[in-house]
Amino acid sequence: MSMYGRDPWGGPLEIAADSASDDDRSRNLQEYDRAALSSRQLDETQQSWLLGPAEQKKKKKYVDLGCIIVSRKIFVWTVGSILAAGLLAGFIALIVKLAPRHHHAPPPPDNYTQALHKALMFFNAQRSGKLPKHNNVSWRGNSCLNDGKSDSGTIFKDLRGGYYDAGDAIKFHFPKSFAITMLSWSVIEYSAKYEAAGELNHVKDIIKWGTDYFLKTFNSSADTIDRLVAQVGSGDTSGGSTTPNDHYCWMRPEDIDYPRPVTECHGCSDLSAEMAAALAAASIVFKDNKAYSQKLVHGARALFKFSRDQRGRYSQGEESETFYNSTMYWDEFIWGGAWLYYATGNSSYLQLATTPGLARHAGAFWGGPDYGVLSWDNKLAGAQVLLSRMRLFLSPGYPYEEMLRTFHNQTSIVMCSYLPYFTSFNRTRGGLIQLNHGRPQPLQYVVNAAFLATVYSDYLDAADTPGWYCGPNFYSTDVLREFARTQINYILGKNPRKMSYLVGYGNKYPKHVHHRGASIPKNKVKYNCKGGWKWRDTKKPNPNTIVGAMVAGPDKNDGFHDVRTNYNYTEPTLAGNAGLVAALVALSGDKNLGIDKNTIFSAVPPLFPTPPPPPAPWKP
């Protein structure tokens, strides 16, 4: 056989003689093996065959984590570092936890917030009927549980509840309705501030205690009514009458045992329109409780219809003429119509509220000494501010624009009259504005003006309007807030007597408040009608502090007599305290919170038709 094979490419394949030594051959094979290893991956068994013992020792070890393969050395270092960091963090946390720490207390509430907490407590002290467990006035208890039952002359047999008006035990529904309207207005505008102060649930509870009672004073399930309860209790002592009643007797409400008559009215436009305003405003406060809100709206509609159908003043020829005489009812028509529009969105109420004839009868086009003074009797100034709100934020245009512009202009004039640069109202030497021209009990008018000034300045701020004109002069909204602050500060103690007129606020406040419940000790002794007179006439301070009561206030010379028998100085009222609460919450807390622009309009439908959607894009 030939030693030459055939080369497949046509040439001879010569197998050379094996002249290399065994050592050379071994080295060549190892070089070939390394070249082969570098060109493809081998498993561990293959590597153990091919690699020498020294190289096997140098081979890196790996850890298979499933999704990735990492070096064991890196893996160990990483896990170790994580564990070490965790131990260090835990050690630091333990040191921080065990080390003594200095707590940084939140900043104390401002003066207005502190006063607000107290002013709301007054309403708890004025509650009638079966009191809730959380009433938090230790010297009060259940009272007058037979209201309505004991009077055979009325069809309304359950008149328990509601609020006593002032230092006596009469329930006057006219000023009480105004108080609930003012509280509701303040909640609608400043619910965020109430919540920040921790008082939102409390003030809503106060409002509901009032509206629950109002729903008992007429047939609230009917669409049309023909009567309304105007008053429970009596205070007539004219002609030297000694008949036991809520003014002649000095008794704790819990001990009352004399008859409490019920006064009904069949033509009382002012009272029914004011109560309609209270229920309508409250329906916005409780809009999240749909069933209750609708119940309030239904009652408000029936009351307002009654006020328009059966014209008359509630106090004419009645006992209330002595205490809470209503001068007219045109202002209540505008006030009630505005609130019903906000509560229902029904434009017929807005048409009524902006009727020029009503405005003329209410005195919107002329001044007079009391023009611009908001009170339980005259709501014109409040109604004008409320309707100016609509023009600022909704601007409904024709046919409402002319009257809304008039109300807006009149509001500007009222705000000018509050400023110290003008002479519409005098001021005491201590700086208290004399809205009632030096007559007694001035503070209830002052707090209402402070609220109107603050809420109107917040309206302007929310509408990006820096101020308003008084004649040729332009004034910033800050001027209005400053007016409100100076007046409320006076009430809280920044006055010549250095006395707070809010009971329980500050170090010096009235101690002889004209209030039956506060002046008689709760000592398990029942003092009869005349037996309580000794507590009325004593010079000792009241045994019970009626926290949050704003007394009637000083005289025109900044003088004040802390005498229980002089109610012109020392008697608090429901309507006065409602205005104070409204002013305090408006001034309290962070000014940047401002008003709630939209809640009051939640029932108002769009004033203009919704524009149609844009056409679909053209396609060729």
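Cβ atoms are placed via backbone N, Cα and C, with glycine included.
Straight from TrEMBL, the features:
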ACT_SITE  His514  active site
ACT_SITE  Asp562  active site
ACT_SITE  Glu571  active site
DOMAIN    112-584  domain 'Glycoside hydrolase family 9'
REGION    1-25  region 'Disordered'
TRANSMEM  74-96  transmembrane segment
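Highest Cβ count within 10 Å among the active-site residues Asp562, Glu571: Glu571.
The local packing around His514 (active site), expressed as other Cβ atoms within 10 Å of its Cβ over all shown chains, amounts to 25. On a Cα basis, Glu571 (active site) lies 5 Å away from His514 (active site). Taking only the Cα positions, the spacing between Asp562 (active site) and Glu571 (active site) is 10 angstrom. If you take every residue in the domain 'Glycoside hydrolase family 9' (112-584) and average the pLDDT, you get 97.
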